[in-house]
Amino acid sequence: MWGRGLIAVMVAMEALDAGLNTLSKAAMREGMNDFVFVVYFNALALLLLLSSNLIHYRKKPIPKLRLFIVFRIFILGLLSCGVQILMYVGIGYSSAAMASAMNGLIPGFTFILAIITRMEKLNLKVRSSQAKSIGTLVALAGAYFLIFYQGQAIVSTRSSSPSILGTLFVSDWIIGGFLLVTSSVLFSLSFIIQTWIIKEYPAELVVSLIGCIFVLIPSAVVAVIVERDVSAWKLRPDLELLTIAYAAIFMVTIRGVVDIWACRTKGPVFVSMFKPIGMAFTVVMGVTFLRDTLHIGSVIGAALIALGFYSVLWGKAEEAKMVEDGSGISQLDSSPDQVPLLQNI
């Protein structure tokens with residue numbers, strides 16, 4: 001019964017995540033500026049994190065911070081700022097469905113970066129390494145399909161556009177795809193930095209609070225430079241305000257707590273394997289509420305990314321079994337420094 005309940009909660013988290021992507025796209029269509037959205041979202045998140053820290057540490061001292069830890073959190077904050085800006089600008093250019101699909105690239109990119117930084121070892125004679133390597137290549141092929149190949153429309157809820165508008169749409173789609181891929185790379189790189197931080201300073205709330213400050217400052221600077229129109233900074237009590245509140249509350253509180261709880265209960269592989277479900281939720285919401293057009297290229301690309309995603313996860317699961325059995329310690333790096341496949345920024 002507990003297992004079914006946990007699965008239901010994780011599926012609900014992916015549905016809420018898909019809702020955030022869909023809601024942000026809808027708000028952007030109504031005029032919400034993506035750069036301003038990132039600033040307001042982090043400002044509200046900072047208030048929530050500050051309140052959480054005050055409550056958590058009201059009867060005990062905050063762990064001592066060292067300068068090198070602050071510097072690492074600063075780097076993490078810059079990466080997180082890049083992830084958020086690129087992701088939401090990418091959603092503005094493309095679609096919420098593409099953003100959810102590109103999340104499937106994160107385990108593969110994390111695997112590559114972990115090899116480069118020697119947090120993981122690659123032995124192509126071992127099935128787990130073969131699965132992760134092939135899965136990464138398949139997922140990248142899926143990303144290529146998503147960006148460069150659309151094909152015929154499977155579900156179309158819009159009237160046909162003139163050719164010049166269609167050309168502009170394809171151009172925006174490619175730009176959005178590249179922005180989302182870059183966001184996934186930075187997201188994966190942030191896992192490396194986050195692993196180094198948590199190993200030396202295991203105080204998640206403090207790290208999140210300081211990291212949020214280092215996200216808010218550069219995102220505000222970028223937004224001020226890019227968006228000079230004062231009216232874009234005016235909060236409207238409509239879909240825009242709802243999206244900002246949804247993003248801050250859901251991303252900082254509910255999802256963060258549930259992910260940590262599930263990771264402690266079942267491990268990061270269990271949490272990660274639900275990500276492709278988010279693609280299905282986002283596609284349904286996009287077609288239903290945003291009147292998005294579903295193309296065959298998007299279906300093929302998303303399927304390849306999901307296939308590659310599960311191949312990487314299968315490889316990680318095989319590694320865990322080999323370490324538990326004691327049969328693969330010589331080939332695999334079983335140290336606690338290995339990069340988790342899913343964490344929150």
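The backbone N, Cα and C atoms fix where each Cβ goes, glycine too.
Residue counts for the domain 'EamA' (175-313) by DSSP state, with H, G and I taken as helix and E and B as strand, are 119 helix, 2 strand, 18 coil. Taken from TrEMBL, the feature domain 'EamA' covers 175-313.
The feature transmembrane segment is assigned by TrEMBL to 35-55 (among others). Same-chain residues lying 6 or more positions outside the transmembrane segment (35-55) and placing a CB less than 8 Å from one of its CB atoms are 24, 27-28, 62, 81, 84-85, 88-89, 205-206, 208-209, 212-213, 215-216, 219-220, 222-223, 226-227, 232-233, 235, 240, 243-245, 247-249, 251-253.
For 67-91 (among others), the entry in TrEMBL reads transmembrane segment. Within the chain carrying the transmembrane segment (67-91), a Cβ under 8 angstroms from the stretch's Cβ atoms is held by residues 21, 24-25, 28, 34-35, 37-38, 41-42, 98-99, 102, 176-180, 182-183, 186-187, 189-190, 193-194, 196-197, 200-201, 207, 210-215, 218-219, 222, 345, all 6 or more beyond its ends.
Taken from TrEMBL, the feature transmembrane segment applies to 97-116 (among others).
Residues or ranges marked as transmembrane segment by TrEMBL: 137-154 (among others). Listed by sequence, the residues of this chain that lie at least six past the ends of the transmembrane segment (137-154) yet keep a Cβ under 8 A from its Cβ atoms are 98, 101-102, 104-105, 108, 170, 173-174, 177-178, 181, 293-309, 311-312.
Annotation comment: TrEMBL describes 174-193 (among others) as transmembrane segment. Through the fold, the transmembrane segment (174-193) approaches residues 72, 75-76, 79-80, 82-83, 86-87, 89-95, 98-99, 102-103, 105-106, 109-110, 112-114, 117, 119, 143, 146-148, 339-340, 343, 345 of its own chain, all at least 6 residues removed from its boundaries and within a Cβ separation under 8 Å.
The transmembrane segment annotation in TrEMBL covers 205-226 (among others).
What TrEMBL records for 241-262 (among others) is transmembrane segment.
Here TrEMBL flags 269-290 (among others) as transmembrane segment.
As annotated by TrEMBL, transmembrane segment applies to 296-314 (among others).
Confidence over the domain 'EamA' (175-313), given as mean pLDDT on the 0 to 100 scale, stands at 82. Panel annotation: around the transmembrane segment (296-314), residues 97-98, 101-102, 104-105, 107-108, 111, 128, 131-132, 134-147, 149-154, 269, 272-273, 275-276, 279, 283, 341 of the same chain, lying at least six beyond its termini, place a Cβ under 8 Å from a Cβ of the stretch.
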